[in-house]
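Asker: The domain 'PUM-HD' feature in TrEMBL is assigned to 151-496. Sequence annotations record features per position, and here TrEMBL assigns repeat 'Pumilio' to 177-212, 213-248, 250-288, 289-324, 361-396, 397-433.
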């Protein structure tokens, strides 16, 4: 006797592995079984499938699925039994995963109608499951179900679903049609592009409408990856009075202003706003609000861009208070990776009292900065400016420490820069200090000090050069057997100065 299997036989793999809505699906299904099941569980597969509308599709691709949407049979009947020539029932698959993959692949590649209705209960079951998954299931007159197209983005992130009205075409709508929805539209990837184009061609009345909707949300929109472009466009086309309102809204909370400037998208929007500031009052208001956050901005890449724009485009008087805050926190800024670059820009674009104050604070901390991985670049930058008075003050601050700095990875770079950028009297003073140091012989073999010796040989003349030459000759035997000593000897080989 042929064995029968209940209609709800377990499949080879649980659907829990494939759908997040499985538990709701199961609950709904059990309720339907209790209320509407027209056959008992002892019936075989032949009973519910007796009313199945079977038709052949010989032209379908070899996808493992001919037609039908029921579960695969168990045991030896799992393989498709031939009902008629060229006609099969059920998917030619061995697991739930393969069944769902082949089913949805076929449904997305061909607009084919499948009859999967052994009973009306199954229709409601699949309809509810599809609705939970975010699928579309239009029904025909004979209650046949089109295979739904899966909305995978909804399954992955239900919290970021777009409003239903954003799925509609926007090209046929005007700004007036979208009144009250512009903030949400500005945050949408495609909506922001539509708004930018619309605002560019908008009338004064439409611009006023857009402005009134976004002004209360302008700080939030400036930091949004899409909406910041809409804000920039509004800043471009709005009136001077409206621009003033945007400025006042942005600087209303100083902490919020700094937060916007630290954001990649916010920094761009702020720069666009700065480009449109035309009056001295506007600039003064902005710089007064920005200056307290100078340290945080200097140490951030996005904030650095805002600072750089202010230094390049605003006057010394406008930047005076900002530079004072930078000078008061100069060491903290200088030892930061981004801060050292910001401090160099402050030196390049400042004048008068503000510049002198920056020099003073950097020179006061020169010894510690010279040994720092980032601070040493600030000290070297001062030397590269070649301002005689400033250079002399810096060298006096480092005096007595040249030998120890020469053995430091970062300090040796500063000593080399002192030798290469200073005038001859100052250079001679540094070399003499090195020659009188008790550790001068170790510099010849030091991984960093040997570079200082090579630089000293390059810039020295007269008796100073002779003194260095004698030092090398005295230590020639040990230098020949030492890797770093060989580098110093290689300097002589390149210049053919040494004859031993």
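Using the three backbone atoms N, Cα and C, a Cβ is placed for every residue, glycine included.
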Asker: May I ask for the residues of the chain that lie six or more residues beyond the repeat 'Pumilio' (250-288) and have a Cβ under 8 Å from a Cβ within it?
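Answerer: Same-chain residues near the repeat 'Pumilio' (250-288) but 6 or more away: 218-219, 222-225, 228, 231-232, 235-236, 240, 243-244, 296-297, 300, 302-303, 305-306, 309-310, 313-314, 318-319, 321-322.
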Asker: Taking only the residues in the repeat 'Pumilio' (250-288), give me the average pLDDT of this model.
Answerer: 94
Asker: Please count the residues of the repeat 'Pumilio' (289-324) that DSSP assigns to helix (H, G, I), strand (E, B) and coil.
Answerer: 32 helix, 0 strand, 4 coil
